[in-house]
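Let me begin by presenting the structure, written as structure tokens, before commenting on it.
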């Protein structure tokens, strides 16, 4: 499996020499043909922009509720309506986008860093370290990460940093396994052997041959990781263990709205709709990236 | 390796994993700030008492700690929990000291199991045909529609679908299906659909890939050359062989569904394991929390073991 991937990837490198096209350029060309992925990309970019500038353009503060205007439907003052304490839902959503992005990206980075360290260690050292790490990976993979996240939330609390750690720490196993397999496939691969035979330095091999070949797979794994982490954050809130309530989050809004859904359904439309579309967009992008950059993705 | 030896080895593995899970989760809960006596419910009762009658307060705390073994050293507490859980002697919860955990679970566990198994079953019933259609109509609009729908089902988590369902059947189509509670067979339908949606996508995508790969194999070409008609070829030679590989997805899917169950139960107000877990975790009820983690873990691992056994039994190429 891994070795065939290497051979196919090495073909790509040969093409790069002959046609002066980087694998990224080729991947981008394939990605552009994937319409859903491009639409998803647009939404993701909008979401990122909303997360960055959201708190500055939000018409109302997330903390201050207008008690004279509770449970209102969408209107010109409150385009997404207001909730049961008079919070402006549009502002709530803008702040939620930021909190969701901070935690999802933070948690993905935490998982990825732990995964990369342990995966590299297992792949490069081999032997007993490899065995212990892979046992730990098996252990983590048997049980859902959400279970570990729940217990970690109890230990760490419900702030930003604790949630990043609680969701990030249990997620390392998948990345570690991927990176280990990439390293193993690469270390003994023909391409690296050939480069070594030609007298290339270790750093040159790593930069010129190893990195371009693993970066695609890792990008795809990361792209799939972010929507997964977004789901977990909201899931923790549904469970009553997400971000501490005054800070808005999609999970809290969805959980709250589902409590009085029969009276005020618009409280649900926007948070649940935007959240669902965002997850979908991230997944389309990840899917597009996979088709564009994974070894099997070529047309 | 014989089947018996394989099963024995796996059971030992499961027990070791469960011991690790109990140890890790207990140690984490032990070091967590706050505890049952500091949680919201108890604090309102005990905080005034601490000022008014310190002697009584300490007596109550001492009694509480000795009752749940909290005054023992940590390693003995861990060992005690491991022993009690593995012998299915769950003891009493902290929230309802008079109620045995096993009695509490007798009501909730079957509900969650029914939801999880039902949704896995439904996802196979719907996902497999969808996957077959997508594979046969590969790269046509049917394939794209099926792929997009299954991706959407995968992307949108069960709890978002659940609130959408509550909205649909609670507001728009009022009175067709109940949206809260538990009791009649009708209550099963909506949660199971929400839970199955994600799995349908996974099953359909996997089936599509598996069937496409199978149809490329040499023996299919041989069958074609021998003049086997199209549909018999697809079903008898293709689908039958790619179905066996499908069984391997069910294990991970079940784990995924079990986690979805505890979310969906919150939304539909179903008194299953999810509700038990939620009250246990939010009020630091250690015995109940550890027991629910233990049960979830063992459920998932036992299903995985069963899947592996069934896979080996029906596919002679697989060796245990």
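Cβ atoms here come from the backbone N, Cα and C positions, even for glycine.
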Which range of A:13-35, A:36-58 is transmembrane segment, per TrEMBL: A:36-58
TrEMBL annotation (transmembrane segment) - matching range among A:100-124, A:175-199: A:100-124
Transmembrane segment range according to TrEMBL, out of A:64-93, A:214-243: A:214-243
